[in-house]
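Marked as coiled coil by TrEMBL: 570-597. Under the heading region 'Disordered', TrEMBL lists 957-998. Taken from TrEMBL, the feature transmembrane segment covers 28-48, 169-190, 197-218, 230-249, 325-345, 475-503, 523-543.
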Amino acid sequence: MSDDESAVESEDDLEDLFHKRRCTDIPCCLVFVLALGALVAMLVYGAIYGDAKKLNHGLDGQGRQCGVHSDVVERPLLYFCPVVTSSGEHTVNLDDPVCVSECPSPGAYVAAASAGCAVPEAYPTTQIGSRYCLPSGSDEAVARRQVEQGMRDTAAEIFTVLIRIGKGWRVLLLAVVLACVMGYLFLFMLKTVASCIIWFCALVGLAAFLLLGAFLWVQSEDATEWATTYKVLAIVSWVASLLVALLICCCRQEVKLSTKCMGQAAVVIWRMPILLLSPLLKAIIKTVLFLLLAAGFIHLLATGDVSGRGRERHLDLSGPQKTMLVAYAFIALWVLAYVSALYQFSIAYATAKYFCASIENGRKAVPACSVCEGVRMGLWYHSGSLAFGSSLIAALELLQRLLEWVEKKSMEAGELNKVITCCISTLLCCCRCLEGVIQFINKNVYIDIALTSKNFCSALQSIAKIMIDHGAAMAILNGATCIFQVVGMAAITASCGLLSAWLLSADKYQDVTSTSYIPNPGYAIALSAFLSFLVAWSFMAIFDVTSDTLLICFAEDMTQSGGAKHGQHNQDLKMIYEEAQERAREMQATEASSEDEGHPHPKNRFVFPAPDPSYGPQSYRRHLCWIPWNTVISPDHAKDPSLQDGIPCLWFPAPKAATVILFFHANAEDLGMSFAILKHMRDQFKVNVLAAEYPGYGLLHHVEPSEDGVCEVALTTFRFLVDVLGVRYSQIVLFGRSLGSGPAVFLASQFPVGGLILVSAFSSIRAAVESIAGRFFAMAFRERFPNHKTIANVSCSTLFIHGESDGLIPVEHSVKLFKRCRARKLLVTPPDMEHNSNLFGDASFLAIPAIHFFGFPGYYTSTPPRLPASMFETPDRRLRLAGQVQQEGGARPFLCDCLAKRDQHSLDAGFARPADGVDNITICLYKDTSDEVELVGEEAKERLKKMAEEALLEKQAVSHVQAEGDLGEGELEWREEPGPGQVQSGAELPKQDGPAPL
């Protein structure tokens with residue numbers, strides 16, 4: 001099988017998205033498995049050689065650890081011996097405690113005497129945990145405060161606050177339940193009344209935050225001790241309400257689009273309700289894993305040696321033990337990050353499966369438990385990719401913990417100056433920022449892996465291309481979904497916080513004599529709002545991942561070389577995406593119009609490096625002509641007063657030649673620089689040559705160059721040849737050099753032209769930039785002129801010419817296009833030809849291959865295409881002539897605006913819809929711009945048949961004319977069918993005389 005045949009087969013058998021799985025990043029998977037083995041080994045080592053009592057049990061005055069040292073293994077409690085000062089005050093000796101088996105009580109003071117205290121009299125104590133005996137009597141209050149101050153830390157204070165808040169657990173539980181109910185309610189409203197859901201959420205959130213702030217401020221007037229706490233919470237509530245109001249005011253235009261996006265996500269979630277349980281399952285699994293890994297870290301830490309006396313404690317670790325602790329911490333963080341990655345992948349897999357599913361009986365045929373299948377696929381096929389992405393997160397988190405530990409220890413020792421503090425804080429900020437970026441990238445990469453089964457790096461490259469090609473539209477859609485998420489979380493959080501504040505103001509929690517008394521309900525209200533926020537965030541996170549997956553699936557589907565396969569089953573999503581894309585174009589157009597004239601964007605300048613104009617309006621008087629802008633193809637340019645002259649073109653007629661070469665020049669030259677080669681081409685091939693100028697070049701230098709602008713010019717000149725000059729498709733040969741290969745391939749993929757010549761072509765703009773400046777720089781460019789995709793739709797004979805000495809665009813670009821082309825083709829690679837070589841400097845470059853392959857000059861005709869003389873006049877004189885012709889009732893030699901005609905002879909039919917029959921039907925036929933015939937009734941029908949028969953002679957048949965229904969209803973219709981010796985658009989043309997295709 002030849003290379004071109006294998007290329008065609010690979011395109012025909014293009015692997016469909018999603019359905020075929022393969023293992024990815026196997027080396028990373030093996031490393032992760034080895035890391036898990038090392039983690040288990042360290043857990044076993046810590047369990048065998050580590051004693052957790054060494055980290056929390058006290059040390060007596062002799063340095064022996066209570067309950068650990070062999071001498072005091074049966075006395076695990078630390079007791080502080082009593083001391084009576086000279087003033088008779090009862091206190092304790094904090095520096096010389098003793099180990100006891102049980103804490104002394106009023107009935108058992110003898111234990112103190114036998115423990116080794118100098119004062120045999122003991123005092124009543126209370127056992128705290130299984131470690132300390134603290135004074136409990138009123139006479140020992142001072143001693144108790146001393147002991148507590150010596151043991152006090154932030155964790156103990158937080159524990160005290162949590163104990164107080166725990167008395168209102170019923171309120172907290174009710175807030176969480178209400179948050180879940182509101183989440184499901186929003187989901188239901190998205191499916192039923194989606195048009196008003198965001199406004200409803202915004203109103204609820206705004207009102208709830210305002211009421212909550214007012215309630216807390218009123219409470220602060222009555223609470224003297226906790227007034228500051230209430231006022232701070234009230235101000236926070238009012239600020240939140242202000243943010244919600246600003247969000248709605250600034251983004252009100254995106255509300256409709258946000259509703260549509262979230263509506264699509266709601267459809268997926270309703271189809272697979274288990275998605276809503278996945279955040280809870282993830283939280284449970286990660287909590288259990290965290291507790292197990294934390295216990296293992298404590299035991300591993302306990303393998304060190306503890307020394308000290310009294311309140312002093314030192315943990316000594318050897319070098320290998322420190323290395324083991326760092327490795328354990330990294331692997332533990334890696335495991336936790338892997339669980340999060342698997343969670344994101346499973347949701348993305350379920351959503352991608354929904355996207356790729358076909359519609360059966362009016363709904364998507366997708367199992368409700370696709371999330372479970374996603375977990376299995378992630379574990380079995382993509383553990384390596386998930387492990388690679390999660391290892392990056394684990395490394396950054398470990399670095400942050402180490403920096404925080406260094407900062408804390410240095411501050412405790414007083415060795416940290418302000419410069420070092422600033423440096424550490426900067427590094428921490430950079431790590432957190434980088435972690436957020438990597439988490440965003442990983443989420444999107446996991447989505448692409450779930451869809452295409454690529455490895456991590458390939459998926460990252462695909463996501464980067466999607467972001468560049470479709471980034472503007474996706475940013476608009478992501479911003480729209482962000483509005484819903486913020487408003488939804490605000491509504492749930494504020495509502496639950498307001499309810500908690502109202503319930504906690506009851507006497508049950510305010511009465512000092514009540515067992516449920518809470519001294520400061522502000523903490524409970526804050527915790528209630530926080531828990532509600534977590535519940536709301538879990539709901540909105542599902543919406544976020546689901547909507548992002550749908551968008552990336554749609555974008556990935558469009559980028560496939562075989563074309564989108566699943567768009568027909570996702571029409572609603574397609575409409576949403578097209579709306580966002582249209583908004584993105586409007587924003588880009590607005591931004592482009594605001595730029596200073598003559599100062600295009602640097603990246604645009606790199607793609608379109610237009611030189612200074614090399615010609616003027618008075619140049620080339622016999623060849624420079626002006627083709628009017630078409631109001632259908634280029635409505636903006638057609639209405640622009642500064643562009644009323646039209647498109648500058650160079651026309652080189654050849655006597656009696658029927659063939660026309662439509663030439664598109666390179667990106668670093670204009671028509672003036674191409675004049676000599678165009679003239680030589682006409683003289684050498686004996687064919688007509690027409691070349692058009694691009695926006696931003698030559699006499700159009702004041703217009704911003706763009707891909708759309710170049711294609712509009714190409715399509716306008718092409719339709720001028722066909723519709724105005726009457727040139728048949730088969731008589732047009734498209735010629736594109738370098739940048740000109742883009743519009744040439746674009747036209748050849750749309751119309752059955754006679755041939756295509758590509759000289760020094762590129763596979764795409766991004767690939768060309770990559771060849772020049774490298775892959776990293778190319779990622780900053782969005783895809784333009786994707787010749788490697790559109791070349792597959794070309795059906796005409798195609799000649800590829802690319803010099804092997806081309807140092808700008810490597811010959812591999814043309815080789816790639818040659819392999820993807822499915823038509824009759826020839827590839828010529830002259831060894832001495834460079835990118836800017838004179839094409840006629842050596843006959844082997846262009847002349848011999850083109851004449852041999854296409855048989856130039858081709859057919860002669862007695863009626864060659866002719867341009868009206870007025871098109872060669874200066875713009876002012878041409879406008880005056882056009883005005884005179886219009887006043888005299890003549891036809892204007894301008895390009896007609898009817899692109900919807902199915903024939904290429906400017907046949908236009910206008911149907912009236914009378915009520916009384918066929919005699920009143922009027923059909924206007926335009927054979928050319930100077931011949932207008934108005935026919936009525938049966939005469940019109942007969943004339944139409946006659947014109948159809950004449951069209952057969954022009955190789956574009958209208959061989960079947962039929963009337964459906966009542967002619968009086970204006971239902972007349974004709975359709976095209978291939979005539980003798982003719983092929984349909986898209987079919988392979990018969991081979992011509994010439995060399996056999998390679």
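Glycine too: its Cβ is placed from the backbone N, Cα and C atoms.
Using the rule of three or more Cβ pairs under 8 Å, pairs at least 6 apart in sequence, the transmembrane segment (230-249) is in contact with the transmembrane segment (475-503). If one looks beyond the transmembrane segment (197-218) by at least 6 residues along the same chain, the residues whose Cβ comes under 8 Å of a Cβ in the stretch are 186, 189-190, 230-231, 233-238, 240-241, 244-245, 247-248, 255, 258-259, 262, 483-484, 487-488, 490-491, 493-495, 497-498, 501-502, 505, 522, 525. At the 8 Å Cβ cutoff, the transmembrane segment (325-345) and the transmembrane segment (28-48) share at least 3 close pairs (sequence separation 6 or more) and count as touching. Counting only same-chain residues 6+ beyond the ends of the transmembrane segment (523-543), those with a CB under 8 A from a CB of the stretch are 161, 164-165, 168, 171-172, 175-176, 178-180, 182-183, 186-187, 216, 229, 233, 262, 265-266, 269, 275-276, 278-280, 283, 347, 481, 484-485, 488-489, 492-497, 500-501, 504. Confidence in the coiled coil (570-597), given as mean pLDDT, stands at 62.
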